[in-house]
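Listed in TrEMBL:
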{"type": "DOMAIN", "residues": "5-301", "note": "domain 'CN hydrolase'"}
{"type": "REGION", "residues": "318-338", "note": "region 'Disordered'"}
{"type": "COMPBIAS", "residues": "320-331", "note": "compositional bias 'Basic and acidic residues'"}
Amino acid sequence: MGRPLKVAAAQVGAVHRTTSRAEVLERLVKLLQDASTQDVKLLVFPETTFTTFFPRYYITDDEELASYYEYETAETGPVTQTKNVKAFFQRAKELGIDVQIGYGEDTGNGRYNTAVYVSGKTGDVLNKYRKVHLPGSTEPFDLNPNTTNQLEKKYFLPGNYGFQAFRASSLKETCGGSSPIVGQLICNDRRWAEGWRCYGLQGVEILCCGYNTTAYAPQLWGGDQNISREKAYEEAMFHHKLVVQAHAYTNSMFCITAARAGNDDDRHPLIPGSMIVDPEGHIVAENKTEEDELVIATIDLDDCKQGKERTFNLGKHRRPEMYGRLAEEGGVKPPPEV
Ligand code: CDT
């Protein structure tokens, strides 16, 4: 192995609306400790990991809504220092593990669906990503508490940092003296080719993606509104794996996906699907349960070379002059009828 690295997805099982921060934190720290015992160097956690996936609820109580965010202001400093969650980051630093973790970010001027990548060596935030593609609607589908809504457009602003790759300098020695190039996505972003390609164009070798993907939400998906729960689950898993494996392959990068899984509130099921995918699109490790679980693999970043130098040698084979529409158009403009 030329540039070996032991990585893992930290899948997190059910977190209910009533589950306390303290309880979640304890579970996350246990995952950190178990990862450390197994010598994991990079651990990826899900989207909005510290709380339940609150955008599924139509929340009218401002105080409850406010409780789902971390507050990062000039006074508090970065999320790693904030009182609710700093114990998590302290432990990651003590154990020397790099982490990516998602959370609701409140800057005082806006709220974002955010993930930070934090060095296990220094405890510094090496990169912050804000979710670009916010799915769902600004108003609830309905007020039935059994309905899984998707109100991210109501509770977050669209991410404004773009798709900026970075070097995980903390992992330089482990990776043969050359720091891994890392990119970040959050949940729905993984379904859009655009972000992946932006990262491919920066030579990204490891894409980290946490998510909360509902296993049953026909109101959100459209199509057969009478779809069975079993079939809906199967379809959600199929689409999750399809996009991750295909985009990892076409951009010649590893991808670590970390699910918030389980059946929240015993009525809002989420898919698992935490996995490590290689640059040829193969799954090299995946979850076995729907609970808190580590999915671990030792990968070799040199395996990205095959695709990057041959089939998907972007500099050699791409024709950007043919792709103008991609940057110019938002929606669909069909050709005129003749
Ligand atoms: N959290 C999140 O982004 N969930 C969305 C649900 C859309 S279902 C097609 C996801 O893409 O998984």
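Indices start at 1 and increase along the chain as displayed.
Every residue, even glycine, has its Cβ placed from backbone N, Cα and C.
TrEMBL annotations: computationally assigned, not manually curated.
Taking DSSP states H, G and I as helix and E and B as strand, the compositional bias 'Basic and acidic residues' (320-331) has 8 helix, 0 strand, 4 coil. Below 8 angstroms of C-beta separation, residues 194 of the same chain, each at least six residues beyond the ends of the region 'Disordered' (318-338), sit close to that stretch.
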